[in-house]
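Here is the structure we will look at.
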Amino acid sequence: MTARTDPGALRHDWTREELQALFDLPFNDLLFEAQLVHRRWFKADEVQMSTLLSIKTGGCPEDCGYCAQSSKFDTGLKASKLMEVEKVLAEARKAKEAGATRYCMGAAWREPKDRDMDMVCAMVEGIKDMGMETCMTLGMLSGQQVHRLAQSGLDYYNHNIDTSEEYYPKVISTRTYQDRLETLERVRNAGINVCSGGIVGMGESPSDRIGMLMTLANLEEHPQSVPINMLMPVEGTALGASEKIDPIDFVRLIAVARIAMPQSVVRLSAGREHMSEETQALCFLAGANSIFIGEKLLTTKNPEADKDQRLFAKLGIRSMPAHSCPSEKDVSADRKAG
């Protein structure tokens, strides 16, 4: 049975042909189907507001072609040390006051050092005590590090697959696609919710975008959170001169992600700064139900808060409460056990 005969049914056996057929539907039909799926599992007028903070910026030894924080590229970005716990918690309080219900923290590492885990876990615990969802993106993790994060009560771990397996070697050479999948499996097996998506506009083909969604939708469990990023080219990086993806194609991708992963929160991540209000509205209609608020996403620009507030008011959108994802796993037991 396909999603088209049972809107919102969970599947893990999507074929490339099925996903391509969805993408190729007449635009109105595709959005209608995505809305049917979306309304089965979520409130259609709710969008989660998240905030992303770079807790350790620059100096990363990886060569991800899109990233301003790679030490392989001259982007003018100065490397910094891991932020102090209290400073991170202070920023989290500001984010909550601004309306965020989810707090994400990113560190420019290949993988964290064991000596950093005490501070990282203290950040998680402090932010959870504020009542917000917590998410970390720290690169690859050892089994012991995953266990530490689970004990701290981390709700989500982000590790994007970035693109299709076929196109991946053209973007990154210092970490394999399989490395990423193994990290996701390690996180999932520890009981932490998975946040994983990708980036479009890196020169990949439409088929590569479908391949990326197929990989995510056919995982043992769908990622509870699926961020879709529109590349914001950074001068000095390998992909600094990339052309933008067509907005309608981007909306189509959001709709296919919603249909293929019906219980996942689909997040409009990087790139909103260059999206019109109309494009964002179509993305919400297609099933996107999370955004990042705040003036910066790690090192790139993001729409100012008042612009988002005006757009939400125009569209009649309300803030989604924390822990509204229907497939989210409760991590509180892990924290108590720790």
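The backbone N, Cα and C atoms fix where each Cβ goes, and this holds for glycine too.
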*Of CYS64, CYS104, CYS325, which one shares the [2Fe-2S] cluster site with CYS135, CYS195, ARG267 in Swiss-Prot?*
CYS104
*asked:* Using a 10 Å radius around its CB, how many other CB atoms surround CYS60 ([4Fe-4S] cluster binding site)?
replied: 21
*What Cα-Cα separation, expressed in whole Å, is found between CYS64 ([4Fe-4S] cluster binding site) and CYS104 ([2Fe-2S] cluster binding site)?*
20
*Given the binding-site residues CYS104, CYS135, which one's Cβ is surrounded by the fewest other Cβ atoms within 10 Å?*
CYS135
*In whole Å, how far is CYS60 ([4Fe-4S] cluster binding site) from CYS135 ([2Fe-2S] cluster binding site) when you measure between their Cα atoms?*
20
_Using a 10 Å cut-off on CB atoms, tell me which of the binding-site residues CYS64, CYS195 is the least crowded._
CYS64
_Mean of pLDDT values spanning the domain 'Radical SAM core' (45-272)_ = 89
